[in-house]
Amino acid sequence: MAKRTFSNLETFLIFLLVMMSAITVALLSLLFITSGTIENHKDLGGHFFSTTQSPPATQGSTAAQRSTATQHSTATQSSTATQTSPVPLTPESPLFQNFSGYHIGVGRADCTGQVADINLMGYGKSGQNAQGILTRLYSRAFIMAEPDGSNRTVFVSIDIGMVSQRLRLEVLNRLQSKYGSLYRRDNVILSGTHTHSGPAGYFQYTVFVIASEGFSNQTFQHMVTGILKSIDIAHTNMKPGKIFINKGNVDGVQINRSPYSYLQNPQSERARYSSNTDKEMIVLKMVDLNGDDLGLISWFAIHPVSMNNSNHLVNSDNVGYASYLLEQEKNKGYLPGQGPFVAAFASSNLGDVSPNILGPRCINTGESCDNANSTCPIGGPSMCIAKGPGQDMFDSTQIIGRAMYQRAKELYASASQEVTGPLASAHQWVDMTDVTVWLNSTHASKTCKPALGYSFAAGTIDGVGGLNFTQGKTEGDPFWDTIRDQILGKPSEEIKECHKPKPILLHTGELSKPHPWHPDIVDVQIITLGSLAITAIPGEFTTMSGRRLREAVQAEFASHGMQNMTVVISGLCNVYTHYITTYEEYQAQRYEAASTIYGPHTLSAYIQLFRNLAKAIATDTVANLSRGPEPPFFKQLIVPLIPSIVDRAPKGRTFGDVLQPAKPEYRVGEVAEVIFVGANPKNSVQNQTHQTFLTVEKYEATSTSWQIVCNDASWETRFYWHKGLLGLSNATVEWHIPDTAQPGIYRIRYFGHNRKQDILKPAVILSFEGTSPAFEVVTI
């Protein structure tokens, strides 16, 4: 999670210091009251795997005790899960008779959630709440099965900041309820694109709940439903087909935002690479037996932070724009989010990779601040910000996204290397706080309980911190140490020693109220399709970390007879654990290192664990591996800080009335704008009568009807919600008229939901709509 994810906590700590002990006692009492029970998710079907090391990567007694604790089954945990008879696992003949390819299904579904009154997840900037929508967010699912239909794998790329453990556990639970053991922990990967402009509020660990300003069950349930629907669509639409792979570089769209950390890696290692970022894009092309397009998965290392932390519109950022362009091209005649072709631009080892290619500059003087501490002579680190290539963040998003789309399109068109061979999968739950890491045949070290360093609070050049923390800090500060110690208690000597040279700002692994602040139990997972291996990474690997893991996994496969494997780093998968740097980068303690929560040997631990998964697949011993300790599922979480209130229209007006109409005439390239009497858009998550907040419609004289030309998923539209006092609000719809717009008569429509509550009665959500007067678009 890039950039200043903890400014909310900084404000929280300062507030507590000022208000002194009385407020502290009250808050702690509240946290204890809100503490809920813990449920562990039991086996969801199939084999779930842990690994052993040679020498072993051992799990300590704490993990063993946790895994044997008597707790409730998750089969009864979710009251919202649809309980249906499991789908029988049967070969899908005669579809596959005399066929040697794969059975392929693709699906896409909306998972947008709230677009107002919720914090945007990624920057952690206090007050960066959603206030409208630029594009919809989607879950894109791809199912690949062997010819008899029984052995299959699922890859899902989701337009969210990252996959939370709670989200994955709930999805797996509902998949089990519907499909039995067909879709399981080991063969389903959930990956977040890492957009920093999606809603937060879907986490269960306290650090992320604070950054989200509470848990939003509405958004959580909408995300779960969207992910499941995309998998259902892919499952229903499976057909015989072929998969091809292609690779190629994408130039001019990324820089390393921590080059001084990268330089800590051995010169001999750096000399093997021409760049301090991974420029290679890997593309999977999926077609049916007639050669008709089905879908694309692309993996490329880039942070979706072209939209900066001043943005308040929900959107999928640069990678989402790339998906938008390719899907619109392949699904001609369909509105965005519709049509059979599905294109996912998935995340990879993007930890230190920025799309803001103009680099860091002091915004007050214009001079470069590309230094070890990312700080400016005047104003310090808060003035050091990197910018993208465009005139504004919208333009930069399009430029970077279009470049990725164009390269993926080229690689897709020229893909000729077919992916063949059996499918396999391996998964393990691991206690990452207690892994023995073998440095060589005789010496070992261990991972640590989670902790965040001082440079974490500094943020990055993509989104700086609110207080004057600096990257590259290897010493603490007495002022902040005192605040932390008074409110949270002192970190133990053990955790301080384990994390050196990181100066600990927050000893999250030793904080457990109202729930643990960070996860202990983490997923590691590999899926293979013939000669392709997809490693599901539970966080953000830096460039060199990804390179080392790829090489190690590839070498492990090769040592057991699986030569020439292509290993993909798939980022932000299954559970979020911040960053993973190399041991050498960790010593520099910039943002990424300070956010490597399990200590300096985190990468080495992951390399051991993923090598053992690769070995199990290569030697066909996956079934012999244990599943590992089970993660918790917390039932009660802190509610959102922003309450729901009744919507009100101005006197003499009603919801959807036009307050400011569009002008009578516009030229292409101009912006048509209409302002309506609005209501809180978060109501639409509860009552989904309408599937869009807006439409732009063109009058067709031949049919004497209005035809929709774009909606709120279209890049050229923007929906802004302006919150007033006492339930009053306005909604502004903008249509940035593209050069491709046909001349003619148009109108703009607004669709919303208002919250109404009569005295002594429960609140109800009512739908409404508004329509602007017609206006003309001309090309001259």
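The backbone N, Cα and C atoms fix where each Cβ goes, glycine too.
Per Swiss-Prot, transmembrane segment is recorded for 13-33, and the stated evidence type is sequence analysis. Per Swiss-Prot, the feature topological domain 'Lumenal' maps to 34-780. The Ca(2+) binding site annotation in Swiss-Prot covers Leu134, Asp712, Ser714, Thr717, and the record cites experimental evidence as its basis. Annotation source Swiss-Prot lists Zn(2+) binding site at His194, His303, Glu540, Tyr579. Positions annotated as disulfide bond by Swiss-Prot, on the basis of experimental evidence: Cys362-Cys376, Cys369-Cys384, Cys448-Cys498.
Locations of recorded Swiss-Prot features on the structure.
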| residue | record | Cβ within 10 Å |
| --- | --- | --- |
| Leu134 | Ca(2+) binding site | 28 |
| His194 | Zn(2+) binding site | 28 |
| His303 | Zn(2+) binding site | 28 |
| Cys362 | disulfide bond | 18 |
| Cys369 | disulfide bond | 23 |
| Cys376 | disulfide bond | 22 |
| Cys448 | disulfide bond | 27 |
| Glu540 | Zn(2+) binding site | 31 |
| Asp712 | Ca(2+) binding site | 28 |
| Thr717 | Ca(2+) binding site | 25 |
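Across the fold, the C-alpha of Asp712 (Ca(2+) binding site) and the C-alpha of Tyr579 (Zn(2+) binding site) stand 33 Å from each other.
Neighbour counts of Cβ atoms within 10 Å were taken for the disulfide-bonded residues Cys384, Cys498; the minimum is at Cys498.
Taking CA atoms as the reference points, Glu540 (Zn(2+) binding site) and Leu134 (Ca(2+) binding site) are 26 Å apart.
Over all protein chains present, the Cβ of Tyr579 (Zn(2+) binding site) has 24 other Cβ atoms lying within 10 Å.
Thr717 (Ca(2+) binding site) has His303 as its nearest neighbour among the recorded positions His303, Cys362, Cys448, Cys498, Tyr579, going by CA to CA distance. Confidence for the topological domain 'Lumenal' (34-780), expressed as mean pLDDT, is 91. Nearest neighbour of Ser714 (Ca(2+) binding site) by Cα distance, taken over the recorded positions His194, Cys362, Cys384, Tyr579: His194. Cβ neighbour count for Ser714 (Ca(2+) binding site): 25 (other Cβ atoms within 10 Å of its Cβ, all protein chains included). Cys498 (disulfide bond) has Tyr579 as its nearest neighbour among the binding-site residues Leu134, His194, His303, Tyr579, going by CA to CA distance. Straight-line distance linking the Cα atoms of Cys384 (disulfide bond) and Cys376 (disulfide bond), rounded to a whole number, equals 6 Å.
For the Ca(2+) site, the Cβ centre of Leu134, Asp712, Ser714, Thr717 serves as reference, and the other residues of the chain with Cβ at most 8 Å from it are Ile133, Thr135, Arg136, Leu694, Cys710, Asn711, Ala713, Trp715, Glu716, Arg718, Phe719. Separating the Cα atoms of His194 (Zn(2+) binding site) and Cys448 (disulfide bond) is a whole-number distance of 26 Å.
Across the structure, His303 (Zn(2+) binding site) and Leu134 (Ca(2+) binding site) place their CA atoms 19 angstrom apart. A gap of 34 Å separates the Cα atoms of Cys376 (disulfide bond) and Cys448 (disulfide bond). For the pair Cys369 (disulfide bond) and Cys362 (disulfide bond), the C-alpha distance works out to 6 angstrom. Each residue contributes its Cα atom, and for Cys362 (disulfide bond) and Leu134 (Ca(2+) binding site) those atoms are 29 Å apart.
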